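Annotation comment: Swiss-Prot describes 128, 146 as active site, evidence class sequence analysis. The feature transmembrane segment is assigned by Swiss-Prot to 15-35, 47-67, 75-95, 107-127, 141-161, with sequence analysis given as support.
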């Protein structure tokens, strides 16, 4: 990154439109799920032999981490999401817009984080609805925001390997 300040058009902030699309799609899907599906296992919709739509509340983080706590975790995870969103937006402002890979990764994480924060602040929980399973083993239910966060993080990790390989050549 150069020392010269980038304009908004030149910087990765241009890619925040993707975060907005992810956020709007996430809350839109969650709205449909909350208003059209019954809550819980008995109301699941079997789609494929390994996939259900299932409306559940997650009071914790990934894998329902800390979901059994008294409620303080809601604000902890909200605070973490705000800090991460701020840092990633700052980094995007320093990255040239042409560095698509990292800007897309950051925008995906921001969109997902803001989608889940919206749920935490408005509802007190995150709405999850995707249930993948094999036999009797079910992966923890998740949502579009979770997928965006994970894919963005995977892109950042892959970029770290990609840059090392390029440096060796």
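Each Cβ is built from the backbone N, Cα and C atoms, and glycine gets one as well.
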Inter-residue Cα distance where the pair is residue 128 (active site) and residue 146 (active site), in Å: 9
Positions on the same chain near the transmembrane segment (141-161), where near means CB under 8 A and six or more residues out: 22-23, 25-26, 29-30, 54, 56, 58, 62, 101-102, 104-109, 111-113, 115-116, 126-131
Cβ packing number for residue 128 (active site), 10 Å threshold: 22
Cβ atoms near residue 146 (active site) (within 10 Å, other residues, all chains): 21
